[in-house]
């Protein structure tokens, strides 16, 4: 397929307040199944008593030794000789599996780092926590909270409560940017401010096109797109050169197939309303003569440093009519569109004589393997597309977050990634949804989405709101990261970013010669996150992704640190984990700032 790619002017990432209000009036790539009367849940403040320290004294464990020699901080990663058992925060007991009951808490790998709540699928018997803890296990009710998520929360003894009551979690429609400022340190929400930069089709294309200008075919990951009405003349010129060319017209912030048409008629191209027109892939790969696309799930816990996970399972969605394109049937949505929300109606409309099929992702890989097609190669290429999409959009999202978010740790996000394969098995990014539907109308949906909901909440690292003594626990997740860095941290970051530029991206293990408290917090958080990975796969950063650093709009210290950490850890993760554990024992993470709430 001819890509139709061409150079483009640079794109500004800056949004005025007026633009922001206009953009946030749209539903940014939401594809949740829900009614028209869905309402935004206003997030209440946490109760003061849950943010104050408990009066209980900290007991000294028998394995502590005041004469312990500190681990060497200078030098590259060195394995600790210490055999000391790590300790949990006081007043938090990590219970072991009790008979047929699964544990409620997941301990950290590191001393004084709080445990996280474990989540399970429906039907799992989970050890009941103490009444004092259970009273804090509350989740904000809203009409977009899917059933599989409710069941997962219920299994771990959460209660769904009204938005006006104390709650520690929220899953629903994206918030307005200003609402993030009211969030409290122990609340968790499933969106980032500024996620519209990847969830809106026009913004997503603008940012990918910007990277395309710098890196050429490396970023030919999305069908060429026109933003209407601005690019209307460019689009008309493209269509005039070949009568067989068509484009797919989409609203920039819709989902579930709403408002999509395949056309080449100028009357369908607006002169006022904002739409996007995407090159139609004329030769898609088909199975049993039907066009199909892939819904994958990507999870991002933070944009600084950027980390991207992809879920092991997903869905393959088929068109309900055999693919046989011609001028006469170009408007047949059941042939050309693969959205399940559209094709599930084909049987009722008399277009199909049986329900539209849907596969689990592993069925597609098995099918390819049986056909002699290298499914592993296709999966790697899909991962490449997804990582590049996030890299294209990370800078404007980070900039937006810096304006509206004081604690990045309170946010996480699950994205729905739609991919189509052409006849050469090349993956193309169609769009990114910031509220992928977890509605489970079939047994196949449940088999994919119920474990997904459980694994997302586990990766999010949700803590019991603390009542223990913060002076003796590394409750680093509750501390603002913006504007509180020490001079030591700022100097180190500036020097390594400068070295990265001077050495054209070359970095080595000297970056670990002195791990600052901020470095240590970031690495501890990352290692514990990997310990809760479930059926997700980390695709960025890995030991093999160093070459992606050049694609970022600007070098970011934490990205560089984490990338080098992954390279250093490739042989034996226990070496780095042991070093971090020794730093935790020395209370290194708390040494750079006052603890106040």
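Note that Cβ sites are derived from N, Cα and C of the backbone, with glycine treated the same way.
For 1-18, the entry in Swiss-Prot reads compositional bias 'Polar residues'.
Summarising the annotation, Swiss-Prot assigns region 'Disordered' to 1-39 (among others).
The compositional bias 'Acidic residues' feature in Swiss-Prot is assigned to 26-35.
The annotation region 'Disordered' is assigned in Swiss-Prot to 80-107 (among others).
As annotated by Swiss-Prot, domain 'TTL' applies to 134-472, with the evidence given as sequence analysis. Computed over the domain 'TTL' (134-472), the whole-number mean pLDDT of the model equals 91.
Residues annotated as ATP binding site in Swiss-Prot: 250, 256, 257, 278, 279, 280, 281, 291, 292, 293, 338, 339. The Cβ of residue 338 (ATP binding site) lies under 8 Å from the Cβ of 291, 292, 293, 317, 318, 319, 420, each on the same chain and at least six residues away in sequence. The secondary structure of residue 338 (ATP binding site), as reduced to three states from DSSP, is coil rather than helix or strand.
Residues or ranges marked as protein binding site by Swiss-Prot on the basis of similarity to another entry: 256.
Residue 358 (L-glutamate binding site) is surrounded by 20 other CB atoms, counting those within 10 A of its CB over all protein chains shown. The feature L-glutamate binding site is assigned by Swiss-Prot to 317, 340, 341, 358, 449.
The 10 Å shell around the Cβ of residue 418 (Mg(2+) 1 binding site) contains 21 further Cβ atoms across the protein chains shown. What Swiss-Prot records for 418, 431 is Mg(2+) 1 binding site.
Look at Swiss-Prot and you will find 431, 433 tagged as Mg(2+) 2 binding site. Around the Cβ of residue 433 (Mg(2+) 2 binding site), a 10 Å sphere holds 22 further Cβ atoms from the protein chains shown.
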Residue 418 (Mg(2+) 1 binding site) to residue 358 (L-glutamate binding site), Cα to Cα, whole Å, comes out at 14
Between residue 449 (L-glutamate binding site) and residue 281 (ATP binding site), how many Å separate their Cα atoms? 29
Looking only at the binding-site residues 358, 431, 433, residue 281 (ATP binding site) has its closest CA neighbour at 431
Would you mind reading off the Cα separation of residue 433 (Mg(2+) 2 binding site) from residue 250 (ATP binding site), to the nearest angstrom? 14
